[in-house]
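J.: Please read through the structure below; I'll follow up with questions.
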Amino acid sequence: MSTEGQIIKCKAAVAWEAGKDLSIEEIEVLPPRAHEVRVKVEFTGVCHTDAYTLSGADAEGSFPVVFGHEGAGVVESVGEGVESVKVGDSVVLLYTPECRECKFCLSGKTNLCGKIRATQGKGLLPDGTSRFRCKGKDLFHYMGCSSFSQYTVVADISVVKVQDEAPKDKTCLLGCGVTTGYGAAINTAKISKGDKIGVFGAGCIGLSVIQGAVSKGASEIIVIDINDSKKAWADQFGATKFVNPTTLPEGTNIVDYLIDITDGGFDYTFDCTGNVQVMRNALESCHKGWGESIIIGVAAAGKEISTRPFQLVTGRVWRGCAFGGIKGRTQMPSLVQDYLDGKIKVDEFITHRHDLDNINKAFHDMHAGNCIRAVITMH
């Protein structure tokens, strides 16, 4: 029986307020309006960004809200004017949209898109309203995705059709973590054969940076993390050395140590932690004259980065990167094909699985430090 044009009642994990566990609720999902797509979400990843906003530290966080931004599923229905996808298409949700019309999209210089940024940041769809209701209240959307609901409504520029044969419990992770790190290495940094790479933080994004660096022939890939259990993960993905700054001899400066063991510093470093002191260390351990440090991690609201200007005057570059510099609607299908062809690891990131009713366990797993990615089965 078709649900097109009707309100769908389904389960969702609702965050009623910051700092509290998610609540499994029956919500109403309204039909898509013009240039919107309603998606049956089959699998979603759980990301540190979801936990960050749930904690209350995110200045853009609004409650009550349906979190989740690593989602894959099938198009259930489309609104007027939607041409990019059709009912039944396998899709990945995109928290970084691609309209192909705005100043950003047309610049050829960035993967950012400005078309729906203002409303997305407020937790609303492009017309300034919500498609979620629960207990008589509207719920906010999250990052233009809201994949913690069995059905969601997104802008048509925030979803991409992908290959039907690609397993959705894997493609969901290409919606954020895996793509973010891998793209930062191959797209933003454009690592070359023989480069020396420093990766600060060995979670999902850091491990993704490693596999990007390996694919480009980096000669040294040194991972810096204060959790010794991450060494085995770093090794599995291709790191050549693991450094735990907390176990170095007393009085050892981590920047001086890294410069010493790399004969002058790294060609590229990547901050995958969101810690502003680590960001500084990542920059200052770059090679004088040409080293580049790419910031991927999201810092807490109000935090600022600092270094001596001389670090930049002498040739180091500080650069930022969102979603791996990937244009989602244009480039995601080829990334999925690379996964299908065995060129990108995705399965290896999945350490935990839960059903929607147990989604809070995924957040507890993440904070325990032994979880790379948890995947939630939505139905």
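Every residue gets a Cβ built from N, Cα and C, even glycine.
Worth saying up front: this structure is predicted, and the values here are computed from it rather than measured.
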J.: Which residue of H48, H69 does Swiss-Prot report at the same NAD(+) site as G201, A202, G203, C204, I205, G206, D225, I296, G297, V298?
T.: H48
J.: Restricting to the chain of C204 (NAD(+) binding site) and a gap of 6 or more, list residues whose Cβ falls under 8 Å of its Cβ, or answer none.
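T.: In sequence order, C47, L173, G177, V178, G181, F349, I372, R373 meet the Cβ cut-off.
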J.: Could you tell me the C-alpha distance between I296 (NAD(+) binding site) and C176 (Zn(2+) 1 binding site) in angstrom, no decimals?
T.: 12
J.: Could you check the binding-site residues C105, V298 and say which one's CB has the fewest neighbouring CB atoms inside 10 Å?
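T.: If we count Cβ atoms within 10 Å for the binding-site residues C105, V298, the smallest count is at V298.
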J.: Around the Zn(2+) 2 site formed by C99, C102, C105, C113, which additional residues qualify by having Cβ within 8 Å of the site's Cβ center?
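T.: Neighbours found: P97, E98, R100, E101, K103, F104, L106, G114, K115, I157.
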J.: Enumerate the residues of the same chain, C47, H69, E70, C176 excluded, that satisfy the criterion Cβ within 8 A of the mean position of the Cβ atoms of the recorded Zn(2+) 1 site; list them in sequence order.
T.: T44, G45, V46, T49, D50, G68, G71, Y95, M143, C145, S147, L173, G175, G177
J.: Could you state the whole-number distance in Å separating the C-alpha atoms of H69 (Zn(2+) 1 binding site) and H48 (NAD(+) binding site)?
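T.: If we compare the Cα positions of H69 (Zn(2+) 1 binding site) and H48 (NAD(+) binding site), the gap is 11 Å.
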